[in-house]
Structure formats: structure tokens, C-alpha cells
Amino acid sequence: MPEAKKPAAKTDKAAAAPADSEGSECRDELLSESEELPDDETVPGGQSELTGLFVERPESTTVTKGKNVTFVAKVDSSDLLRKPNMKWLKGKWLDLGSKAGKHVQFKEAYDRNSKVYTYEMSIIKVVEGDAGGYRCEVTSKDKCDSCTFEVTVEAVQEEQPANILDAFKRSGIKGAKKGGDAGEDAGDLDFSALLKKREKKARDEPKEDVDVWEILKDAKPCDYEKIAFDYGITDLRGLLKRLKKMKKVEPKKSDAFLKKLEQCYSVDKGKRTQMHVELHDPNVQVKWLKNGVEIKPSAKYVFECVGNKRTLTINKSNLSDDAAYECVVGEEKSFTEVFVKEPPVTITKLLDDVHVVVGEKVEFECEVSEEGANVKWMKDGVELTKDGKYRIKKDGKKHTLVINEATIEDIGMYYVYTNGGESKGELEVEAKELEVLQSIADLSVKACEQAMFKCEVSDEKVVGKWFKDGVEVKPGNRIKMSHIGRIHKLTIDDVKPQDDGNYTFVPEGYALSLSAKLNFIEIKIEYVPRQDPPKIHLDTSSTGSKNTIVVVAGNKLRLDVEITGEPVPTVCWMKGDTVISEAEGRVRVETRTTLSSFVIEGAERTDEGQYSIIVTNPAGEDRAELTVKIVDVPNPPENVRCMGVGEDTATITWDPPKFDGGAPIKGYLMERKKQGSSRWTKLNFEVFESTTYEAKKMIEGVFYEMRVFAVNGIGISQPSGNSKPFMPIAPTSEPTRLTVEDVTDSTCALKWRPPERVGAGGVDGYIIEWCKEGEDNWVEANKEPVDKNTYRVKGLPTGEKLLFRVVAMNIAGRSPPCTMKQSVIIREIMEYPKIRLPRQLRTKFIRKVGEKINLVIPFQGKPRPVVNWLKDGEPLENKSVGIRTSDFDTILFIRSAERDHSGTYTLSVQIDNMQDKADIHIQIVDKPGPPINVMVTDVWGFNAALEWKPPKDTGNTDITGYTIQKADKKTQGWFTVYEHNRRPSCTASDLVMGNEYSFRVFSENICGLSDEVAFSKNTAIIGKTDLEYNKPAFKEKDMSSSPKFTAPLVDRVVVAGYSTAISCAVRAYPKAKIVWMKNKMIIGEDPKFLMQNNQGVLTLNIRKPGQFDGGKYSCKAINDLGEDEVECRLEVRVLKEKKEGDEEKK
């Protein structure tokens, strides 16, 4: 704490202050003192410690009234997934964001390189109301940070005259103002200012150094004004403000809490956290609240109470546990906050590289360690968001990036980031090959007719250009181009000789071109005045084979045949024996003077065949034969089927199409899909020539379907029918651990373990095979597969050395065999008979009448021993006793036991002359009969003596005691006198005078009391005497006494984990209050301790004590007359566990 400075130590600014009053000097002194507070001084409203988000915090400042001030805060967002939220607050609750305007302004900036957000708050023209404490808070999901700062507002200081001559003043004269001509010498000189200056210097002389602030800090508030007057301080407001900063606020002591909750707790997600409080009263009850709602005890929230300590344990913390918690004791509360930190999210399944064709769907898939975690997808340093091109899906821990239609621009490396890892996958996009479904055909047309070129490609979106002799064709009045779906057409109306040439269609973006030739037919007419026989000028050289015309199905065929002859001959076209008419139709003939045209619109397969043209005139006849061949895409392949499967492969075969379209089949294209899906995947881009194909990279255990396309020179056929669903699956691995369990003269029992790798097909069963050593002729022991892992092979040759092997079977076939390394000799091994008598049968076996008896006794021996049962040395012939015997045990069972079944049962197992025996003693017991001859033998005073004889039937067991009851003749109510009386006699006491009593007796054994009862043959009469009793005067005895322990506590040593108790006895009247203490601390209502008081016998039960329960225990008894105390020491020892096994003997 800084000391108050002397006036001589003031700054130059304070020295130049006007000497009007001494109070102004004190105010300056207070201001200078407040500005020079040390940095380590704790001031209310100071800054809180950084938690990692703030890079730069606002600083407390002092500002002059009317000036502007700006506060800057910087936040590091490198570890944040989203933009942080900043709040500026004044005091505790006032949000300055709602006050933004001309007076308070806010600014925000972001640096992408350093990832730092800069926040600024400016106060324009500060006023006195802006003074006080401020706070800025930054939050981002589960992270938060805050800091505080303070603004002090100073008043504007007026400038003071620095010239000492100004201190010399003359006293004013009333007449000076009126006359106006008074000089500067008018009036009397006033030296008061100089006198004050000198008085100030006089105070600068050394005097005793007094720390005024130490005096004020320790003084009472009512003495502040007196101390300020003594030391010349007049600015009481400044004094109080300074003291408020200097004094530390003492926390208010709690009446309920010795130790409150910490300000906050931090815990990792999934971990356990504990909150502790300590109370003044160990017996008081507490409540725990979460966000104002009371918490109930459960497996997640565990309450503990040890002495005056209360603990709340939260197991397996999650984000819902991030909340405010309270501990409530009566009217007092203790607050805290729990912050749950999420562990870093890691990538458990990395991205795979993807290879697709342009236009196909792309999916990048990964899995993370936490459900609902945030991931970030990036490509080439740019974050990918949901838009028309990209879709991002979340399904639990699975995250998927979907590209609907892949393009060449999508090629690259794709990254996925979490806050705990990253993964990358490469996308390769292959250009899609364009398939020609129908090529353009050559045309021959004559002048003024129409020519149309048509082609069909596989992609509807493909556009292209038409060229004639290498020059692009432009549309015009005669030339028209069309694009409808997959069909492209070029139509030329009114054909002219210059239209003759080669026409080519080039699809845009593909290295492909389709060409055809347009032949212009020019008709020349020569006049021959004489008659000439008709002549057919038929030219089919451009079609390949002689007189054969090939037409693509769907195209137009127009064959113009030039005819000469004079006079003009008559033309007749025929298909076989049918004449083709000249009427309008799809197949027609157009005839002119010297030209006959055969036209087929949209050629079909039925148009194929032999055609003939016959021309006649008076001069003769000519005839020509020609063949029209229609070519088309082939029919789809047939009978697609799966011939075999592997772990991830399948062999597919099919039959060629019945009709090849008139052109040789070049090959096939295959597609597959998962059953139930509509998405087909191409398996080959190049034509596959064979009719058998092996599909690879399939998923085991998933059903697939296949279809096939046939390809010829014209195009691709329609798809074949789907194959039957098939599943790629592989045989299992070989079974393991094949061992021999038992061998006889003709059988061998085998045992094995299932295969290590089973696969999706499972195991349908096992086949066991055997062969003789040195041979390779394996014989199947079972025709049908067995489900179990054990099997006894029968019918084996005796004395032979045999090898065995096991094969697992499933839908995919046989697994590799598991073969025994050593041969087995088929010969039974002799083993001595031995009875393994269970432990409970080695002593007497006791059961009650009516109970069920089922004794299982194992034995051993080879060959199978002969089992024989005897009862009391005689063969067992009782039909109510059943015997069942197997190869390795024998069972004796009785459905309802009777007393006749008691006796000694002898079991013998015998192999030839070797034998083993065991005796089993069975005793069947029942309730006993009643006692015999119950008599009252003597009566004296208020007592009666009884005697009787034991029952004849003891229930086949010993009598354990008797129960005696009495009844008087008046009420006939029976009351028990004795239970479990062992002797056949007793004395009934406390009988009532004048009553006559009868008695009855029950006998008892281990089955209980007898069903029948024996009544006494005579009665006991308690007679009245003639003596007169003079009762002495009653004198009440004073029983009051201070507590006195008649039995002290005894030191004990107990084993940890076993409940124990300590006891003592006390005598006191009136009844004493009992207090149990451990190590001088009162034991409250702790469920671990149970305190009992039974007529002065005090017991403290300790449930399952641990090491921390040891110590000094004491018991104190208190009443109004005094108190007494005893104590003992309890030692808790941990029993060391014995080792389970001993070392093997060498």
C-alpha cells in the first residue's frame, strides 16, 4: 500500500495549481496517488485470468471527460469450428450491444493469415456516467472466456496562471469602477497569495512521515471525517473512492458451509467428476440442483455423506452435464459450473480413391469416432458446401460427400478434416465413350428430290457438326439440321448436282466421325428414232456383293434404275411372286419415262428378300435380280446365368443372340447391380468377345444380378433379361484341432473346432473321411453333413492304422480338409473300472418323505463296465426305484421318497475280474408321533411338574425336543410354556391361583412338530391359601442416577470388507442421550453406521469397513445429572489373497 505523499513531492502540474484553498491541493494529491497504485494491488473489477481464447485484452484506463476512448480485444480462432460471439457488458448485466449508436460504437475485423478476430469498442465524448467496471465475454460452442476492465473519468482541469506576479492584487475600491480612470496603483496591495505561498513552503519542512491511508484503512467509517480534517483532506468523495479500491472485500462467512464449491470444474467427456462441500453441522441435509432443478440419486449422480463432508459424483460425463450446479443447505447456496470438454474426434475409416466415368455419381465416405461430430470437406484448399453440385450427408458416425454428376473438372484430391485427424481420397474421372447406335448410310438421289442423312448416338446431350467434303455445312433454305434426343438429321431439299459428295457428322468433344456419300443421279435422254429392246442399267457396285443392297433397319432405301428402250418399256417390280404396286405406301414403286425407283420407307426386317425388275416393250424384254439385305442391331443375348462364385468373383455365361442383326457379332458389354437396386454398373468398356466372363471386385454375401448387351457393326442390342440373383461366396477355411476322443475295436470318436474363417455362407455341416495309412483312397464316413463338432466313425477295420480328415461344407462347396498328422490304431484300450462318487454322497444322504431323489454317479472303464445295484446286500427289485445307465454314468432316481427307501445302496462296476464298489447311505425321515403317557406328577405353590415318555415313532431320526402348552379350564386357550425342551419332563411356573390347568405336548425332529399331540391324563389345580398378607406401605425409591457404563468398549481388530460391531452397556435415569464419535468427530446419519440401544445395551454396527474406517471410537452418555464416556480402538486389516496355484513339483 503506497504511503501518502508530502506536498513537496507533488508533480509540477500540482505545484502550479491555484492557491485558493487547501482542499484543491488535497484533491490533486488524491488523484496522483490513485494513478500510482502498484500493479500487483488487487482491485475489485480487475481482469480475470485468460483461458486461452484472448490474445489481447482491454486495459483499464483513465480518460478525461469529453474525450474519446477505444478498447481493443483480440481472439484466436485457430482451434474454433465457427465464428466466436463477442459481448461487451457494463457492470454485471447491461449489454452495450443494445446501446450502439453515436455515443458507443463497435468495430470488428478478421485476419485470415493469423486467424485472429479483432473487436473494438469506442466511447465518444466520455461523460461521468461512463465510469465504472466493464466486461467483455467471448463464447464459441463449449468454450468461453471473459475479462474485465475499468474506466475512470476525470474532470477537465482549468488552466492556472503560471506568472507569480498575478498573485499580487490590489483590493478593489468602490469608486474605481464608477470613475473608470483609476490606474493600476489604485487600491491596497493584497499579499494574501504570497502569504499562502510562504505558508506552503513552511509545510514543506521535514516532519514525521505519516501513512494516512494505513490509518484510514484500519479506522471505522464513522472516524473518516475526523481523520481527514486532522490531515487536511477536504475531498471526502475522492477519499472514499480511493479506500474502496484499496480495501479487499472480505468474503462473508457462511453459517452453513465450512468450505464451499470451487468456482468451476472442468472434466473430459466420458470421465468422472466430483464436487465437495464441508458443513458446520454434520447432521444437516443438503440438496443438489442442476440448472435450478433438483437432482435425484441414480447410477449417474451419486451422493456421498462422510461426517460433515458432502460429495456429488457425476459418472460418465457428457455434454448435457455442462451446466450450473448448486448445493443448498437451508436458505444458503453454493454455486459452481461444470465444463465438459469433448475429446478430439478421430477418423476411424479413411477415404478411398474413386474412379468413375463422366456423368456418374461419386460418393466419398468416411467414419469418425463420435456420432454427430462436425467434419469439413475441402478440395484444393477450398471448403465444399452444400449446393447443387455437392451434397453432404451424415448418418451417425458415417459422413458422405456426394457429387451427383462427375465432370473432368472434378478430378483432384479431396480432404476431410476433424479436430483430431484428416483423410484424403483421389477422384479420377474418365471421359465417357460415345456409342454409335445407328450410322448414316449412303444415298443415291436424283435432281429435285430430297436427301436425308440420319444417325443415332448413345448420349442425348451430345451435339455435333455436319461437313461436306471437309467444309462445314451451314443451314439454309434447302438445308436443314435437326437434333431430337439421340437422333441427328441432315435434310437437303431439291437436290442439285453440286450437292453430290461425302457428308460427315462429327460429335463435339469426341474423336469420332460418321461418313456417308450422296450420289446425284443425272438423267440423260437420247432420242432414237428406231425401236430398241428394253435395257436395265442397274449399278450395285457400291453395295459390295453383286446385286446385293444392304440397308440399315429404319433407314430409307431408294433404288433408282435407269431403263432404256423405244418405245418406252413397261416396268414391273416383284418380290418373289408378289407384284409391288405403284400406289402410295411404305414400299412402293415410282416410275418415270426412263427411270424406275424402288422405295422402302423405314426399312424393316420383313423387307429382306429377293427382288426382281422386269421391263418389256414391243422390241423385247429385260430382267434383273437383286437381293435386299436388312441389317439391324442384334437381338439381346439369352439365358444369362451364373456358373460359379468365389469370395469376390463370379463366372457368368450366356447364349449368343438368335438374330445377329445381319452383321457379325463383335462382342458383348456386361453390367451388374445389387439385388433391389436400380443402379447398373458397367463392367467393361471394351467389347468382350467370349460368352463367358469372370466378374471381379464384388462384395461377399451380397446378391447381384447381371445383364449382357450384344454389339455388332450397326450398334448395341437391347439388354438381356436379368440373371437369377447370385451371391459371391467362398468356402470356409479348414476345420482346426482335429483330435481323437475315444477308440474301440470298430469305432473312433473324433472332435474338432470350427474353421477360423467362416464367411457369409456359414457352415452347413461337416464330412468325415478316413483312409488306411500309406493309401490315398479316402472313404466318406457320413453321407449327410453333420452339424455337431463331434462324430463317431463306425464300421472300421480292427487293428488297422487309419488316417482321418474333416471337411466343412457350405453353399460354396467343400473347404480344404483338416487331416490328422498321425495315424490311429483301431483297437480298444483297457481301462480299470473306477467310480467317481460325488462329495455329497460320501456321507449319509438325508431326504424327507415325498421329496424327489435323483443321484448321478459317474464312472470310467473300458470296455464298458457292467453296472450292478444292491440294497442292504440284496438285489434292488423295488419298482419305485429307477436305474438308468450310460457309457459313463449311472442314475438312481425316486419320484416320491418313502421311509421304506432308507438303507445302504451298493454300486459296483465290473470289467472281467476287475471291480470297484461304493456304498451310498440314504435315510428318509418323517415327522414323529406324539409323546406317550403325559402326567402331572406334582403341584406346589404356583408350579406344576410334568413327565412323559418319548414317542414310539421317531420319524426315522432323532427327537430334537418337545413343545409344552397349557390351558386353564375357564378360557380353554392354549399358551406355549416351553419350546425345544430336550428332556421328557418340565416344570410349569407362574400359574394363576385358583385355576385348573391341563397340558399337551408335541414331539419335534428335523422335519418339524408332530402332527398329533399328547394331552395330560390329569390336571393341575392351584389352590387358594388361608394366609392373609399385610402389604407394607409403599415407599417410592429415587432411581435417579448419572450415566455409568457397566460394560466398556473393547479394542478390536477386524478384516476389511466384513461387517462388524462394537458394544457397551450404560445405566442412567432419566434416560441418557447417546452420542457416538470417531476420532472425536460425531458420527451423523451416515448409512455406513447403524446405532442401536436395547435397554441400555449400546451397539454400533459398521457395514463392510475399509482401511479408512479404523481409528478411535468413543461413546458418550449424557443426562441432566452428568455424563460418562468410554472409548476403544478399532484396527482394520486387509487380508492378503492366497495364491491360487502352487509351483509344479520337479
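For all residues, glycine too, the Cβ spot is worked out from N, Cα and C.
Just so you know, TrEMBL annotations never went through curation; they're auto-generated.
Summarising the annotation, TrEMBL assigns compositional bias 'Basic and acidic residues' to 1-13.
Under the heading region 'Disordered', TrEMBL lists 1-51.
The compositional bias 'Acidic residues' annotation in TrEMBL covers 31-42.
What TrEMBL lists as domain 'Ig-like' is 38-152 (among others).
For the domain 'Ig-like' (264-329), the DSSP counts in helix, strand and coil order read 3 helix, 36 strand, 27 coil. Residues or ranges marked as domain 'Ig-like' by TrEMBL: 264-329 (among others).
For 343-428 (among others), the entry in TrEMBL reads domain 'Ig-like'.
Shown for the domain 'Ig-like' (534-627): DSSP residue counts in helix, strand and coil, namely 6 helix, 55 strand, 33 coil. The domain 'Ig-like' annotation in TrEMBL covers 534-627 (among others).
Here TrEMBL flags 636-732 (among others) as domain 'Fibronectin type-III'. The predicted model assigns the domain 'Fibronectin type-III' (636-732) a mean pLDDT of 89.
The domain 'Fibronectin type-III' feature in TrEMBL is assigned to 734-829 (among others).
Here TrEMBL flags 833-921 (among others) as domain 'Ig-like'.
Under the heading domain 'Fibronectin type-III', TrEMBL lists 930-1025 (among others). Helix first, then strand, then coil: DSSP counts for the domain 'Fibronectin type-III' (930-1025) stand at 0 helix, 51 strand, 45 coil.
As annotated by TrEMBL, domain 'Ig-like' applies to 1043-1131 (among others).
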- [ ] Would you kindly check 38-152, 343-428, 534-627, 833-921 and say which stretch has the most C-beta pairs under 8 angstroms to the domain 'Fibronectin type-III' (636-732)?
- [x] 534-627
TODO: Go ahead and report the DSSP secondary structure tallies for the domain 'Ig-like' (833-921): helix first, then strand, then coil.
DONE: 6 helix, 53 strand, 30 coil
Task: DSSP helix/strand/coil residue counts for the domain 'Fibronectin type-III' (636-732) - done: 0 helix, 42 strand, 55 coil
